[in-house]
Amino acid sequence: MGFSSGLEWMVRPICTIEIFILLNDDIHYPFPPRSPEKISTWSPRATEMSLYTLPIRPTYPIITCRVSPATAPAVASPPTPPSLLPLATSATAVPSLTCALQCPHFESCSGCTHEFNLHRPVIVDEASNFFKGLGVSDFTFDSCRLWGWRCRAKLAVRGSSENPLIGLYQEGTHNVVDIPQCKAHHPNINAAVELLRKGVGELNIEPYDEDKRTGDLRYVQMAVTTHNTALPAVERYRNGRVQVALVWNSRNEKSSNSDKLNALANFLWRNGGSRSKLHLVHSVWANFQTSTNNIIFGNRWRHLLGERDFWEHVGGIDISLDPSSFGQANTRAFDNLLRKLHKYVPFGASVADLYAGAGVIGLSLAATKKCRYVKCIEINKESKPSFEKTVDRLPKSIEGSISWHNADTSIDPLSWLVGSDVIVVDPPRKGLDATLIDALRTISSHKVKPSLKGSSSNIKEEKRPWVLRERERAKEASVQVGRETISEDPQSLPETLIYISCGWESFKEDCKSLLNSKSWQLEKAHGFNFFPGTQSIEVLAVFKRSLKKKKTGKKKKKQG
């Protein structure tokens, strides 16, 4: 086996572990020493805005983990380069050495729930047994980056201008825990937080006070783009730049504290923007929120400085994400999931992508699988601009029809299902809407009639006013790219259902409901480690519609 410079896992279902210890100039993902004295010297604050790019070689080893099939000894012994210290060969010590969180904030922060075996949370065994009980014995679990994986973070800002607290709530409270050395964050998120902290102090920006409802800065969203084609591919991740969205406690940019907002934005750009030595900050945005509830963002957004468009490359395409759009926190894991999903969609298929957001899944299928048509259905109208920008960058060779519809899939869900070969659902943590579950459970019993718009409906004419209003609204808010959709087989029902889930408990209920209906059969299941350090996994499940057996027409012979 060779040696690599990253901290990446490649995981297979049954495995043993090979350990490589490296000394590496790239110190984005080190294990800090446990002693308090050494932790303080490792702190990004102690390096005076060095932003995790220290020019010196670290004095402690960086560990790269690789999982290989269980044909090797319990702990393999690769050739040890000179200058590297030997690793203890105790098999019981392997998880604590190689896959431990080792985060100074673990005891107080609510973000991570377990410290050890980041590569394989306990829930994986439960998932494997669950799917095995349903007849799927080849469940796989993929894990990639274990530290520094989070490329999108929403953080509360509390405390005072002299001592701002920027982090997550302590479990069960609204007390904010400061997390400057978060091991889950992409290192440049931590660096941008340090820059923000410095600006808050120098400019006397008041963090929000929930009790008094006073202050200026309520939250901040940090999103990292690693899509920089000017750099070699291997350098893009660690050199990601941060889109900073400041959630400001005012109605709009003309409020009395707007001067402070502009001063803070200019500070971030001057010290971290394209003309600074660091070039850490991609752009600065403002969101205006005065609500007293727990909703982070208001409805009003403003681009202040830097690049307006935020791009990422996943699933074989460039995607645009505005700060108001939903984006996956673990970019690399999401890319792995998309590439796996592509295998289950035939070339030239017609696809309906429900809970589509900005249409990333549907558009990646349109580009890579040459789909006849793709319909993306999303309830959040703020995702529309991102969809349109992404479409503009798609290959010109795409000939199929692509459309985006601002619609609620819980209203008349059957109209989005019929006429498609493949249905993709990526619901929020609570799972599928009850009406959509019912439509999927009973889909084999529906009779449909031809439709020129590609969304066929029941033979019975729809008369319910709220459904008709929703159809009209969705039609007005839709975006059509390419030729108008004409279903080749308007009588067709979907043959494949691909369910992407971030909520394990809700998925289990939905899965059982679909299988109990006898309309669907579970064919494949894969898990992905989207959130190392937690008991959450992302699931990709592939269902096939059950086909009714045709009667042979043979009559039993009468016995005389």
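Numbers run from 1 along the shown chain.
Just so it is clear, glycine is given a Cβ too, placed from its N, Cα and C backbone atoms.
Features as listed in TrEMBL:
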ACT_SITE  Cys502  active site, nucleophile
BINDING   Gln328, Tyr355, Glu378, Asp426  S-adenosyl-L-methionine binding site
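Structure with TrEMBL features highlighted.
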residue	record	Cβ contacts under 8 Å, 6 or more apart
Gln328	S-adenosyl-L-methionine binding site	Arg152, Val314, Phe334, Phe530
Tyr355	S-adenosyl-L-methionine binding site	Ile377, Glu378, Ile379, Thr409, Val425, Asp426, Pro427, Pro428
Cys502	active site, nucleophile	Pro428, Arg429, Phe530, Ser536, Glu538
Site diameter for S-adenosyl-L-methionine, Å, by largest Cα distance between Gln328, Tyr355, Glu378, Asp426:
16
Which listed residue (Glu378, Asp426) has most other Cβ within 10 Å, given these are binding-site residues:
Glu378
